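Per Swiss-Prot, the features are as follows:
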COMPBIAS  292-302  compositional bias 'Polar residues'
COMPBIAS  349-361  compositional bias 'Low complexity'
COMPBIAS  367-377  compositional bias 'Polar residues'
CARBOHYD  Asn88  N-linked glycosylation site
CARBOHYD  Asn242  N-linked glycosylation site
MOD_RES   Ser289  phosphoserine
MOD_RES   Ser342  phosphoserine
MOD_RES   Ser345  phosphoserine
REGION    279-377  region 'Disordered'
TOPO_DOM  1-27  topological domain 'Cytoplasmic'
TOPO_DOM  49-242  topological domain 'Lumenal'
TOPO_DOM  264-377  topological domain 'Cytoplasmic'
TRANSMEM  28-48  transmembrane segment
TRANSMEM  243-263  transmembrane segment
Amino acid sequence: MVNDPPVPALLWAQEVGHVLAGRARRLMLQFGVLFCTILLLLWVSVFLYGSFYYSYMPTVSHLSPVHFYYRTDCDSSTASLCSFPVANVSLTKSGRDRVLMYGQPYRVTLELELPESPVNQDLGMFLVTVSCYTRGGRIISTSSRSVMLHYRSQLLQMLDTLVFSSLLLFGFAEQKQLLEVELYSDYRENSYVPTTGAIIEVHSKRVQMYGAYLRIHAHFTGLRYLLYNFPMTCAFVGVASNFTFLSVIALFSYMQWVWGAVWPRHRFSLQVNIRQRDNSGHGAQRRISRHQPGQASTQQSDVTEDGESPEDPSGTEGQLSEEEKPEKQPLNGEGEQEPEASDGSWEDAALLTEASTSALAPETLGSLRQRQTCSSS
């Protein structure tokens, strides 16, 4: 029993352990709440930047296949077609979302795959026309461009065939040319008359082609240029800006909720006290004004009753002062109670004192004059 530690030391150790455990739990809880708050703010920042990018950035490039059709109800003995090849291309996604954005400049081109056949080489120049239309099929813009195959001499064609003969035999290469026709260099969408489709027509009945594609590429300037060419840098700056802004809002909200010292409420309480003081002052004036007619009537009754005045020879000046004392005591009592109703402010007490003195002065002089006239009579 001699080696046992003293009881106060055990109690002190237990108290210290409880305090440290409480602090540790509190710190863990605070760090957990802080970590969850940071994750939430970061997720909201990423979501806001993604929403802005999706709504602000248009489609960079749109490629649509062009399927030409022509009439076949004519004499088929000739090598030419019955009509010019025509194609109708829709400029909407899934029939709802439009490809073009308002105010954004676009470069519209038509890519033609033409074989190097003798017919196309003898064809020369031909015309390609595009007509953009809006709802209801109304044409809003038309553009025409001339096209022809690139010239290649017979010697150059023979050398090209010999060099790429193995690739041509196994189908890895073809004797064709890809022509890119620029239909619009700076096409802008009208917000009031949106473009819903385009009609493409090739003005040649003898043209031979493998396929065609309509390509729409956006030309970015300003902020869109930065977002498109530097996506990672802009994403980091945008998310960091959103996170900083949201963090400041959360910090001010926490300070207002916990401390309540950022925007003190003394101004509001001061306004309330001023209003209460004004209301109490008006009430005191109304009570004094109600009390004045009663004093005048009592004084007149003292003078006219039995034709005797308060200054009768049987009376003394001490009696006069004693008659005035009951009249002053209620007013002094009221003046002492009014400051208590106005939250104990000395301004209300001064106001009521001035009002009481101004109200008593005329009555005292009038009563003295009446007493003098009665005594002289």
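Numbering starts at 1 and runs along the chain as displayed.
Just so it is clear, glycine is given a Cβ too, placed from its N, Cα and C backbone atoms.
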Just counting, how many other CB atoms are there within 10 A of the CB of Asn88 (N-linked glycosylation site)?
14
Rounded inter-Cα distance in Å - Asn242 (N-linked glycosylation site), Asn88 (N-linked glycosylation site):
45
Please give me the CB contact count at 10 A for Asn242 (N-linked glycosylation site), counting all chains in the structure.
19
Indicate whether Asn242 (N-linked glycosylation site) is helix, strand or coil by DSSP.
helix
